[in-house]
Amino acid sequence: VGFKAGVKDYKLTYYTPDYETKDTDILAAFRVTPQPGVPPEEAGAAVAAESSTGTWTTVWTDGLTSLDRYKGRCYHIEPVAGEENQFIAYVAYPLDLFEEGSVTNMFTSIVGNVFGFKALRALRLEDLRIPPAYSKTFQGPPHGIQVERDKLNKYGRPLLGCTIKPKLGLSAKNYGRAVYECLRGGLDFTKDDENVNSQPFMRWRDRFLFCAEAIYKAQAETGEIKGHYLNATAGTCEEMMKRAVFARELGVPIVMHDYLTGGFTANTSLAQYCRDNGLLLHIHRAMHAVIDRQKNHGMHFRVLAKALRMSGGDHIHAGTVVGKLEGEREITLGFVDLLRDDFIEKDRSRGIYFTQDWVSLPGVIPVASGGIHVWHMPALTEIFGDDSVLQFGGGTLGHPWGNAPGAVANRVALEACVQARNEGRDLAREGNEIIREASKWSPELAAACEVWKEIKFEFPAMDTL
């Protein structure tokens with residue numbers, strides 16, 4: 001008798017409000033803005049269809065498979081408070097739609113063609129629930145927070161970093177000199193800027209050699225383990241791996257990758273190499289704002305953060321919170337928890353749409369970087385806690401006396417904040433006072449405080465939540 005050809009509404013097949021989600025389903029929360037005249041159920045069902053088994057018309061080959069087994073389902077829709085004609089559509093995807101251990105495949109399905117769909121004005125993926133049945137197919141971060149602390153032999157405080165500036169234009173030897181001065185002054189890490197790859201003024205191999213020399217000299221003089229994030233990002237995966245192999249041969253502790261511009265396939269390969277060879281992996285999120293900055297369209301950074309934890313990285317940049325609005329603080333801390341913790345409860349006030357259970361997947365250390373300086377240290381220590389990397393680029397290299405004193409100032413400020421916290425003092429209220437006290441016995445810190453004192457230090461008490 002053939003089959004019933006023709007176009008039918010998506011909602012007849014893909015909108016299933018009675019569906020009970022399974023523990024193995026991947027769940028997605030989409031912010032959907034339908035075109036005028038498109039009902040929300042149809043829009044939500046269209047998203048479920050286009051990101052799973054559907055196409056625009058009924059096809060004969062539908063009869064050769066079980067759609068009920070493989071289709072995505074829009075199982076709940078709620079209006080967004082304060083927005084006209086905008087909805088959160090919840091979609092459940094059967095686990096078998098996805099290749100094991102492939103973030104690339106997961107994103108190709110969930111945020112693929114559907115984002116160009118005409119029936120929608122805009123579409124944003126707000127959150128994903130990754131079931132243990134899927135996350136267990138990933139290696140995840142090469143080492144994780146605890147193993148990193150053991151490798152570095154550094155406990156009970158945040159780690160300190162610095163991005164070498166000017167980011168482009170230095171020769172390899174001068175670059176290595178800046179690395180040495182910062183590490184010698186008291187930082188734990190220095191960092192290649194995300195766009196330092198292998199340019200005519202400084203080829204990657206020369207940079208790696210001079211930076212390794214700087215690391216070993218600083219280690220010998222301070223008795224502390226030091227690292228420099230050697231950026232292995234390259235134009236091909238083969239070239240990227242070549243750089244990572246060379247870093248391992250030099251014996252340095254950590255390499256770096258730009259995971260969005262480099263791509264998830266390259267990143268996952270590099271993360272697996274890093275675990276097999278004892279390298280830590282620092283991840284920069286260049287290009288994230290292209291994807292996550294628009295409120296109505298794209299993908300929230302918390303989804304990119306979850307994807308990175310699956311693909312693999314030991315550190316990832318996660319914003320600074322300082323000086324931003326209170327609401328953003330809560331949302332940032334939400335995805336910081338998604339990066340670090342094993343089990344994260346659903347909490348809509350922090351932007352967490354689903355309870356996420358990572359089981360035993362190692363955690364990722366969030367990196368606070370961008371426009372921060374010594375006066376921010378109490379706030380950063382309070383907000384991010386010990387398992388974080390605080391990165392001061394200009395806040396180190398901009399010190400009036402030079403790089404090493406800039407590093408000293410940051411280290412003194414950090415140690416003062418950690419000590420004050422451990423003594424039970426309230427960093428939120430006494431932050432400025434703690435920094436002032438410390439600067440009395442550190443001329444380097446006093447000079448840094450003087451330079452950046454104009455920059456406002458507003459840190460409202462945390463108990464106003």
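Using the three backbone atoms N, Cα and C, a Cβ is placed for every residue, glycine included.
Quantities reported herein were computed from a predicted structural model and do not represent experimental measurements.
Some features that Swiss-Prot has for this protein:
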type	residues	note
MOD_RES	Lys4	N6,N6,N6-trimethyllysine
ACT_SITE	Lys165	active site, proton acceptor
MOD_RES	Lys191	N6-carboxylysine
ACT_SITE	His284	active site, proton acceptor
SITE	Lys324	site 'Transition state stabilizer'
>> Considering Cα atoms only, can you say which of Lys4, Lys165, Lys191 is the nearest neighbour of His284 (active site, proton acceptor) among these recorded positions?
In response: Lys191
> When a 10 Å sphere is centred on the Cβ of Lys4 (N6,N6,N6-trimethyllysine), how many other Cβ atoms does it contain?
Replying inline: 7
> Among all the protein chains here, how many other CB atoms are within 10 A of the CB of Lys165 (active site, proton acceptor)?
Replying inline: 16
>> Please report the Cα separation of Lys4 (N6,N6,N6-trimethyllysine) and Lys191 (N6-carboxylysine) in Å, rounded to an integer.
In response: 61
> Looking only at DSSP and grouping its letters into three states, which state does His284 (active site, proton acceptor) belong to?
Replying inline: strand
> Which whole-number value in Å describes the distance between the Cα atoms of the residue listed as 'N6-carboxylysine' and Lys165 (active site, proton acceptor)?
Replying inline: 9
> With every protein chain in view, how many other Cβ atoms are within 10 Å of the Cβ of Lys191 (N6-carboxylysine)?
Replying inline: 29
> Relative to the Cβ position of His284 (active site, proton acceptor), how many further Cβ atoms are located within 10 Å?
Replying inline: 28
